[in-house]
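> Here's the feature list from Swiss-Prot:
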- 5-70: domain 'J' (DOMAIN)
- 135-213: zinc finger (ZN_FING)
- 148-155: repeat 'CXXCXGXG motif' (REPEAT)
- CYS148, CYS151, CYS201, CYS204: Zn(2+) 1 binding site (BINDING)
- 165-172: repeat 'CXXCXGXG motif' (REPEAT)
- CYS165, CYS168, CYS187, CYS190: Zn(2+) 2 binding site (BINDING)
- 187-194: repeat 'CXXCXGXG motif' (REPEAT)
- 201-208: repeat 'CXXCXGXG motif' (REPEAT)
Amino acid sequence: MSKRDYYETLEVSQDASEKEIKKAYKKLAMKYHPDRTQGDKSKEETFKEVKEAYEILNDDQKRAAYDQYGHAAFEQGGHGGGGGGHGGGFGQDFGDIFGDIFGGGGGGGRGRQRQQRGSDLRYNVELSLEDAVKGKSLEIKVPTYVSCEPCDGSGAKKGTSAKTCSTCHGHGQVQMRQGLFAVQQTCPTCSGKGKVIADKCTSCRGQGRVEKTKTLSVKIPAGVDTGDRIRLSGEGEAGEHGAPAGDLYVQVNVRDHDIFVRDENHLYCEVPISFVTASLGGEIEVPTLGGKVKLKVPKETQTGKMFRLRGKGVKSVRSTSTGDLMCKVVIETPVNLSGDQADLLRQLEEKMASSSKKHSPKETGFFDGVKKFFDDLKS
């Protein structure tokens with residue numbers, strides 16, 4: 001009875017990553033482990049098949065050999081198929097991808113070429129802070145390669161199909177004898193693809209894909225920030241000859257905002273207040289992304305004081321909690337004063353000068369420190 005394909009056994013694709021293979025093995029090993037199957041012989045056999053498949057596909061050299069020669073790579077007396085040389089055994093020890101370097105020069109077995117998936121693509125999108133925080137649906141146009149419809153991605157003319165390469169027997173490589181050594185080379189007939197198309201599709205010229213600008217709908221989740229990526233699986237370039245498509249990554253960049261600066265979940269802004277409000281206290285309006293809110297400013301507030309508005313920040317895409325809005329008050333100096341207004345300020349200054357320590361403790365403390373500094377220099 002012929003063995004099952006190792007990739008099929010582990011339920012993964014031929015271009016599966018090492019991580020995907022390990023994950024699949026753990027899942028199946030747990031499912032079919034003898035301790036869990038209560039003596040079921042068929043499941044015990046499946047467990048052995050899974051273990052054998054993992055031992056091969058988890059080893060880079062053994063996997064490469066399997067991809068090249070199939071199960072024949074690990075069978076005693078297994079033969080490579082055509083490709084130059086005199087034919088001989090390749091089944092002794094396949095720890096080395098080249099097999100027994102002094103063995104026969106027949107290349108190949110029943111392996112097959114792994115399809116080369118299409119390239120991944122990146123699309124840059126720029127968002128306002130409001131759109132990044134609330135989320136948005138976009139339509140984007142992406143120049144790419146898509147599968148050719150007339151030939152369904154095969155590259156062959158409708159009604160025909162690609163044939164297995166007679167030179168390399170579908171392996172994509174041949175072995176050439178150079179003295180005592182057998183050297184692997186890309187098959188010159190099929191250029192390493194393992195198949196040959198006699199009647200090429202006229203739409204894609206045998207490539208199985210054509211250039212096209214795709215229109216895609218993208219849902220930007222709420223809370224994204226600059227540097228975040230959204231993956232659209234299978235929306236990258238289509239691979240040649242029906243190979244899987246790559247992925248499309250939408251790269252987010254958030255424009256600078258006129259009022260707010262974002263730091264993770266928190267927002268920061270500066271709010272100007274008048275000299276009178278800072279001195280006597282009062283209520284001011286503060287902008288948030290959801291509209292204006294009232295903020296009470298206590299009397300004798302100094303410039304630079306920070307007020308926290310809880311829950312008025314951002315709910316990040318990576319977090320369930322909402323950040324805060326940090327408002328820094330900046331006291332504005334009056335400008336364009338009339339003569340009467342200037343006189344009033346001078347009168348105020350004169351009245352406060354007699355008790356400056358009481359009204360301007362920081363200023364008084366500063367000048368006292370300066371005086372002490374120069375007194376110390378003189379002594």
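Placed from the backbone N, Cα and C atoms, the Cβ positions cover glycine too.
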> Same chain only, sequence gap of 6 or more: which residues have a CB within under 8 Å of the CB of CYS165 (Zn(2+) 2 binding site)?
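Once residues fewer than 6 apart are set aside, CYS165 (Zn(2+) 2 binding site) is near GLY172, CYS187, THR189, CYS190, LYS193, GLY194, LYS195, VAL196.
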> Pop the Cα-Cα gap between CYS168 (Zn(2+) 2 binding site) and CYS148 (Zn(2+) 1 binding site) into the table, whole Å please.
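Spelling it out, the Cα of CYS148 (Zn(2+) 1 binding site) and the Cα of CYS168 (Zn(2+) 2 binding site) are 27 Å apart.
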> For a quick check of understanding: among the binding-site residues CYS148, CYS168, CYS187, CYS190, CYS201, which residue's Cβ has the most other Cβ atoms within 10 Å?
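When each Cβ's neighbours within 10 Å are tallied, CYS168 leads.
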> When DSSP states are folded down to helix, strand and coil, where does CYS187 (Zn(2+) 2 binding site) land?
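Coil, per DSSP.
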> Please name the residue among the binding-site residues CYS151, CYS204 whose C-beta has the most neighbouring C-beta atoms within 10 angstroms.
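The residue with the densest Cβ neighbourhood is CYS151.
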> Beyond CYS165, CYS168, CYS187, CYS190, what residues of that chain have CB atoms within 8 A of the centre of the Zn(2+) 2 site's CB atoms?
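In sequence order, the nearby non-listed residues are SER166, THR167, HIS169, GLY170, HIS171, GLY172, GLN173, VAL174, PRO188, THR189, SER191, GLY192, LYS193, GLY194, LYS195, VAL196.
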